[in-house]
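Now, the feature entries from TrEMBL:
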type    : residues                                               : note
BINDING : A:A11, A:P12, A:S13, A:G14, A:A15, A:G16, A:K17, A:T18 : ATP binding site
DOMAIN  : A:4-182                                                : domain 'Guanylate kinase-like'
Number of protein chains: 2
Amino acid sequence: MAKGNLYIVTAPSGAGKTTLVKALLAADPLIQLSVSFTTRAPREGEVNGRDYHFVERTEFERMINNGEFLEHAEVYGNYYGTSQTWINSVIESGSDILLEIDWQGAQQVRRLFREAIGIFVLPPSLDVLEQRLRGRGKDSDEVIARRMKVAREEMSHVDEADFVIVNEHIDEAVRDIIAVVRAERLRLVAQSARHTALISALKG
Amino acid sequence: MAKGNLYIVTAPSGAGKTTLVKALLAADPLIQLSVSFTTRAPREGEVNGRDYHFVERTEFERMINNGEFLEHAEVYGNYYGTSQTWINSVIESGSDILLEIDWQGAQQVRRLFREAIGIFVLPPSLDVLEQRLRGRGKDSDEVIARRMKVAREEMSHVDEADFVIVNEHIDEAVRDIIAVVRAERLRLVAQSARHTALISALKG
């Protein structure tokens, strides 16, 4: 059984990452979003194991002490975290996992998962990004300027990724991300694990 | 301008390489087959620069002496060869090139083009391969056995490739090879060269 791959998808706000990831998940049944652990209560309609892994505070703290988290944070009194143990078990089962995080989270994950594959999504230009950020509402120039600053900070880490997708036309960008995930499954190591009988017959 | 990639596609006879390559070339206008140089006369319908680069014997020998060939051979008194100079110029222009060669040619090319990307096409099993080789005509068991031996020799080099495509269903295998070529164009280095203005604006 071949192991799955771990993908880290990074992008500034406005690059179209959410749309892209949604389209990938819809097109490819062998990849799934990473599901975070949290101590907050489930909201109406949220399903345990799909939206979050809902756990008690004591359980979460036990996991912290065990070093089970790739990354975790406390926000408004609730814990949120990505479990390395859970990710490992999904990957071992042959599924790919996709993690949507910022450059800091990406660096953290890469330290622990050297084989993680980084995909950076960029807008076609800074002007287009600004238009997209403005298009979202009636925000002041100051707010837009702050968002652009955050976006530029994020984008300055583009060269830490393995693949770069420039999202000019969403259809093309969707094809791009689907191609990356499909192609990475065809790497020699993955295929050797998937087709053990065939490959060992060839080498025998 | 991004440089193109050089792909080496290797497969045993009967794996379906020709069909696969034809489908890729039809689907992707940015990749082209390597065109060999030859000293033999053009046949009816053959176009210079498309089917072969037709050159005089003296010219071919000058190219050999200049070390211009990645590989060359003399067959029935005619020279055939793959020009490194020509491949470099196509790659510099941003096009991808695909080279269909055997494992020995692949090793030779890889020594000179370290960045060449190797794709190995396998049949789903040795039994299926034998059926496919038998299916071609009314050949004797001896002939089939010889072909299988050559095929196994070729396949024993599968672990020299970067990507492995197992051609069980041709539609899936076609999608696989298209995905590999599309994904490799999205690598950081290639994208940085393609989107220089954008990337330098981000790093500035």
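Just so it is clear, glycine is given a Cβ too, placed from its N, Cα and C backbone atoms.
Where the annotation comes from TrEMBL, it is an automatic prediction and has not been curated.
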**Prompt:** Hey, of the binding-site residues listed (A:S13, A:T18), which one tops the CB count within 10 A?
**Reply:** A:S13
**Asked** In the same chain, which residues outside the set A:A11, A:P12, A:S13, A:G14, A:A15, A:G16, A:K17, A:T18 have their CB within 8 A of the centroid of the CB atoms that define the ATP site?
**Response** A:V121, A:P123, A:N167
**Message:** With every protein chain in view, what's the tally of Cβ atoms within 10 Å of the Cβ of A:A11 (ATP binding site), excluding that atom itself?
**Reply:** 26
**Fill in**
Quick tally, other C-beta within 10 angstroms, A:P12, A:G14, A:G16; top of the binding-site residues is A:P12
**Request:** Using all protein chains shown, find which of the binding-site residues A:A15, A:K17 scores highest when you count other CB atoms within 10 A of its CB.
**Result:** A:A15
**Secondary structure at A:K17 (ATP binding site), reduced by DSSP to three states** = helix
